[in-house]
Each structure stands twice: as C-alpha cells, then as structure tokens.
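As written in TrEMBL, here are the features:
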BINDING   Cys12, Cys49, Cys83  [4Fe-4S] cluster 1 binding site
BINDING   Cys157, Cys161, Cys164  [4Fe-4S] cluster 2 binding site
DOMAIN    3-120  domain 'MTTase N-terminal'
DOMAIN    143-374  domain 'Radical SAM core'
DOMAIN    376-451  domain 'TRAM'
Amino acid sequence: MARTYNVVTYGCQMNVHDSERISGLLEQAGYERAPAGDDTPDIVVFNTCAVRENADNRLYGNLGRLRPVKDKHPGMQIAVGGCLAQKDRGEIVRKAPWVDVVFGTHNIGALPVLLERARHNAAAEVEILESLDVFPSTLPTRRESTYAGWVSISVGCNNTCTFCIVPALRGKEKDRRPGDILSEVRALVDEGVLEVTLLGQNVNSYGVEFGDRYAFGKLLRACGDIDGLERVRFTSPHPKDFTDDVIAAMAETPNVCHSLHMPLQSGSDDVLKAMRRSYRSERYLGIIEKVRAAMPDAAITTDIIVGFPGETEADFQRTLDVVREARFSSAFTFQYSKRPGTPAATMDGQLPKQVVQERYERLVACVEEITWAENKRLVGETVEVLVALGEGRKDERTGRMSGRARDGRLVHFATEAPGTDSMAGQIRPGDIVHTTITYAAPHHLNADGAPVAHRRTRAGDAAEAGRSPRTPGVLLGLPTIGAPPVVAAPTAGCATH
Ligand code: SF4
C-alpha cells in the first residue's frame, strides 16, 4: 500500500500554492493523500508562516501534540517547511527532536529526497538554502480547485517594509519568464480551469529583473488572448510601482476582472514613512481615482494595520479618512503585533494592547459601514457567479450555493424560486450562473430568486468527476528564473503587502 501524507498549511496564498506543490511532489514520489479524518498519515508536513508573533508557539504546540501519535506509529515522519523553517532552521529539531525533516522556502523540491534520506539514515535532515535555485513553478503541482488556479509570476520582494519578514525569508524578487507563466496558464485552461490568479509579493514590480517596467501590463494583455480563460485576477499590487499602463491593461482586457486588492496599511503619511512604504496617501487615493475612472464597476479591497509603533490618534484618524474616501468593498484589518526579526519589533512607541484594540474596533465599524453601503448598491443587479466549493458555511442549512462575482464579491444564491423545481442537482462547483442580488450584508450578497441562467462548464464536469488539475513539473525545457533570453515579451497581450 502507498504511504499516505497530509499537509497542514498556515499563512498566505503563497503558502497555499506552495502546499499544492508539496502535494504534487509527494504524489509524484508515490505517496497518496490521506483520507479526510485520518489522524495517522505516514507523513505530516507543516507548511509554516512566520508572520504572526505566536506562529512558533502554534507550531511547537502542534508538534508536541503529534509526538505521542508518532511514538505509537513507527515509520511516521514529520516535516516542517515554509517561512518559520527558513527562520528557525536547526532550532526546530533541537526543540522538537522527533521532527524528521526541516526544509526552507527555497528548496521545496528537495522534500521527497530529504524524507527518504531521513528514513534511511534514521536521523533528522535539515536543509535550508539561502536563495532560490529553481523557480518553484517548475515543480509538479496537485491543484486543489478544478475551476481556479494560482500561477506564480515572481517570488521574493525587493522592498523593506519594517513590519515584514518576507524579504528576509523569501529573498530578493525573482521574476519568472513571461513565456513560462503563459504556458502554465494555458495548461490550466486546457484542464478546464476558468480563472487564474497571478501571484507575486509585488506584482507591479514584475519585470524589474529583466528591465521591463511594463512587463506586468503586457502579461495581463497576453492573458486576454488565451481562449477559454474567463477570469484573470492578481495579488498583490504595490502602490509604489503601480503604473497607468496596468490600469489601462485591466480596463482593456475583457477577461481581467475589475477587482483590485491594493494594500493601504495606513492612511497616515508619517506611519507609512515609519513602515518604509514609499508612497503617500495622496498617491494611493490617486490610483483608486484612476481605476474608478477607467472601470466604474471596480471593487477595491485592501489590508490595513492598526496600532503600528508611534501611531497617534491623529494618524489613526487619517486612516479612517482614507477608508471613507476610498470606499473599499472589503478590507482585511490587522492589529499590529511584533514580528520577531523585523525592524518594527524593536521600534520605540509600541502601543498598549487596549489602545490598539479600541482603534481596531473603531476601524472595523467604519469599514463595515462602508462595505455594507457599497454592497447595497448591487441589490437588484444581475451578476455572474463562478460557483465555488467551500465558500458558504451555511449553504447546507439554507439550501443555497455560493461563489464569487466577477468583482470578487461573495454571493450566496438560491437554486430555486419558491414553487419551482430546484436546480441544485444540476449546478456544480466550476459552473457559471447569472443571478439577481436581493440582499446585501457587509461581507456578502444574497440572491434569493432562481438563477436567471446556468452554464455547465468543463471545470464543473471535472468537479463532478472528482478530478483536479495537475500541472506537471517543468513546462518549457529547462527550469528558468531571472532574465529571459533576448526575445520580445509578448505584447498582445494577473498574504498583506
Ligand atoms: S509587506 Fe509586501 S512589499 Fe513590503 S516587504 Fe513585505 S512582501 Fe515586500
């Protein structure tokens, strides 16, 4: 019988996508995913995140709980990867000597070999590389979704935001060649995927490695030429590097969704300066104005940190002002907490917990008032929904299904009108429905009438058949990172940063 594995993921979309690669690698090496509810897989991989202050307590707590399980199951192996592993390295096996493998953010591909070596030598293997040698998208990937896929365009970051550990753990930005990116997008579309999200710590600086500041706009336009690709999204842009060309590319390319997740972090210029975020609130609001002028239906979402060291009440008020002016459709709000290894962790002016909590509550109330008002504007509109799996926790009880509108909003929709036949059995995750919004809440929309249209898709067929896309390892010859050869990039042609 094949040995089984389970991957436990913490953190951002980067980690979620890295976990898809870890699963792909393990399956290529002959392991099988452990069935849901199996507490004793042969391999447990923790893909960790170092962003939160207590991330290590959480990891060591989980490792401690797993120790007696491992003692009772000879042959079980535990591997720890991701950002915390890159940071703590050998410390992990010193604190938890029952861990078999520690691998970093730059050598995910080594995991199967490290597991094998640890088993053969009956000793822990710790391998951390200082920089990336192979772009991770060259690894086989077991995709979790039949209808939506992540595609990395870059890894690492050249910025030095003082609250962020990413540059220390993921290294400098490495850009992937446009041809390789588009080839992966096409491979996903060939398997029925309808939506891709282009992924990078700072997608707007894509091209910096090969000297083309318009490379990201070109990439969006090139995605527009891919038949069968219905939705293109990206995350995360950085206001500093945002060009008008990207706004034009979004507006002109029909399959690029009119949704933009652009981290604000603070509305105060003094706090932005202390964060070493090199834009100011005026520039941020200017980008939003241009995006709305080009795409009046654009939904803009953001990340905001409250209680950064030195933040005064006046600074916080500026954040509220920007929130009111920007009219976000959703915001991820975070209370500042020290992240070990970051410059901000040792700054003067750390704020008492109760001050941060009180400001946070006021921010959440302000954000909800605005997002609710923005959502209400959609009542009565008919929207296109890509039906999703696992987006509606109450769906079973309410008899609804759920998915995302083109602008990224979460929609819970009824599958029948009172007195009519239910379409529930016919609509599958990955299908497209059009439905009319009847109610708005701060974080979602409801559509309580029957859908006005339903389109069966190949992604829906794949979901029904229980198939998920697998992108093979190297797609185009040798694995490549960095500068492309001297050929024109295609011109015809998508965590908290
Ligand atoms: S917050 Fe984002 S842009 Fe800033 S250093 Fe971290 S990854 Fe880079």
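Numbering starts at 1 and runs along the chain as it is shown here.
Backbone N, Cα and C atoms are what each Cβ position is placed from, and that goes for glycine too.
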Helix, strand, coil: count each for the residues of the domain 'TRAM' (376-451), based on DSSP. 5 helix, 27 strand, 44 coil
Of Cys12, Cys49, Cys83, Cys157, Cys161, Cys164, which binding-site residues come close to ligand 1, meaning Cβ under 6 Å from one of its atoms? Cys157, Cys161, Cys164
When you measure from the Cβ of Cys164 ([4Fe-4S] cluster 2 binding site), how many other Cβ atoms are you left with inside 10 Å? 24
Measure from the Cβ of Cys161 ([4Fe-4S] cluster 2 binding site) and count the other Cβ atoms within 10 Å, all protein chains considered. 23
In angstrom units, rounded to an integer, how far apart are the Cα atoms of Cys157 ([4Fe-4S] cluster 2 binding site) and Cys83 ([4Fe-4S] cluster 1 binding site)? 14
Number of other Cβ atoms within 10 Å of the Cβ of Cys83 ([4Fe-4S] cluster 1 binding site) across all protein chains: 26
If one measures from the C-alpha of Cys83 ([4Fe-4S] cluster 1 binding site) to the C-alpha of Cys164 ([4Fe-4S] cluster 2 binding site), what distance in angstrom results, rounded to a whole number? 12
In whole Å, note down how far the CA of Cys161 ([4Fe-4S] cluster 2 binding site) lies from the CA of Cys49 ([4Fe-4S] cluster 1 binding site). 17
Fill in the CA-CA distance, Cys12 ([4Fe-4S] cluster 1 binding site) to Cys164 ([4Fe-4S] cluster 2 binding site), as an integer in Å. 13
Tell me, by DSSP, whether Cys161 ([4Fe-4S] cluster 2 binding site) is helix, strand or coil? coil
Just to be sure I understand, if DSSP states are collapsed into helix, strand and coil, how many residues of the domain 'MTTase N-terminal' (3-120) fall in each? 58 helix, 23 strand, 37 coil
Cys12 ([4Fe-4S] cluster 1 binding site), number of other Cβ atoms within 10 Å: 20
